[in-house]
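Encoded as structure tokens, the structure appears first; notes follow it.
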Amino acid sequence: MFISKIFKHMPHTNSKFWHFTNKISVRNYTPRRALMYVPGDDTRKLKKAWTLNVDCVAMDCEDGVAINRKETARETIRNILNEGKPTKKKFDWAVRVNSIDSGLCDDDLRALLTAEHLPNTVLLPKVENKEHILWFSERINSYIENKKKVELIIFIESAVAMINLPDICRTAVLLSKTSKFVPCALVFGSDDFCASIGATRTEDSKEILYARQKLVLVAKAFGLQAIDMVYIAYKDLEGLKLQSEEGSRMGYTGKQVIHPDQVPIVQEAFLPNTKQIEWAVGLLNAFKEHQKKWKRSIYLQRKHDRYANYEASTKCDRFNYVIKKLMYTLYIMLHN
Ligand SMILES: CC(=O)SCCNC(=O)CCNC(=O)[C@H](O)C(C)(C)COP(=O)(O)OP(=O)(O)OC[C@H]1O[C@@H](n2cnc3c(N)ncnc32)[C@H](O)[C@@H]1OP(=O)(O)O
Ligand SMILES: CC(=O)C(=O)O
Ligand SMILES: [Mg+2]
């Protein structure tokens, strides 16, 4: 359980330590513990966002922007993309376009994906079915030049989308082999989801428990990050902490936020705690001891039984692989 929890915190990996973990496919892992929305028409908030220590900044064209400000948001974000990333800080530079059914999505994509610099990630809200993914793929292939690709975050926000979820993910994964996007995460859009199923929000969110669990389950089945719901009462930081920790325990890798004060609490909740780190260090030490014994037993088995030797070394490889990942994560945590 702990191992899967820390894998989700693998950061951008261009460190020397990479040589040690050269067989581990975490090289391009982009952490998104907090995914913060910034209304795309609000230059003051956009400037503020660059000063924060947040994993993902989502410049928003969708629900954070009033209908009569859509064009302003699109233009403002395009200008920012033309100028290039405004800081050397490492964070996921993302845009949330309007939904396909809104009729605004194509204009958003055209404006944002033909700017001087591509965003790292496109957030596609209200995906309902695989046809939406096919449409998105066709549109972005016509806008992005060369061999460049963006990461895609798929929003699941309705009853129909929840039913079609595996189909949506399968299509996205298959298309990504030939298209200019790579699916990287699912987002649970709980506010729109509640509206879709006619649920009334409660403090413990029991009314959406099934959907919240299903999203994380399907995300993991397709190797995607799972990003949990927004905690709208942004002044209630205690409630935010409890909900973030709950999401982390459920297997979510991050959470959407709407206010800078929410960022540190959420990012903390999606990191391993001291107890878990101590447990991992204990596991590393135990492993060293076991490895010594295993080496000897493998040597003896090699002499007597070829098949048994094969089994043992396979186990050893698997264990080695897991430990290397653990050590790598500890190294990153110590150096942050
Ligand atoms: C269901 C969904 O789709 S959720 C996504 C759509 N919703 C959103 O995007 C809402 C985003 N959040 C916001 O717009 C704001 O946080 C609000 C409106 C909720 C509150 O804003 P304010 O009243 O300005 O909050 P507050 O005064 O506490 O802000 C403190 C500082 O943080 C800044 N700030 C607040 N929210 C954000 C944000 N999302 N991004 C960047 N900066 C922000 C403010 O500009 C202010 O900066 P300043 O000190 O330089 O003036
Ligand atoms: C985040 C979002 O889009 C929603 O909850 O509907
Ligand atoms: Mg929504």
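Placement of Cβ uses the backbone N, Cα and C atoms for every residue, glycine included.
Unlike curated records, TrEMBL annotations are generated automatically.
Keep in mind the model is a prediction, meaning the values are calculated, not measured.
Annotation comment: TrEMBL describes Arg96, Glu157 as substrate binding site. The feature Mg(2+) binding site is assigned by TrEMBL to Glu157, Asp192. Residues annotated as domain 'HpcH/HpaI aldolase/citrate lyase' in TrEMBL: 33-260.
Considering other CB atoms within 10 Å as the measure, the emptiest surroundings among the binding-site residues Glu157, Asp192 are those of Asp192. Residue pair Glu157 (substrate binding site) / Asp192 (Mg(2+) binding site) shows a Cα separation of 5 Å.
Counting every protein chain shown, the Cβ of Arg96 (substrate binding site) has 29 other Cβ atoms within 10 Å. Cα of Arg96 (substrate binding site) to Cα of Asp192 (Mg(2+) binding site): a distance of 15 Å.
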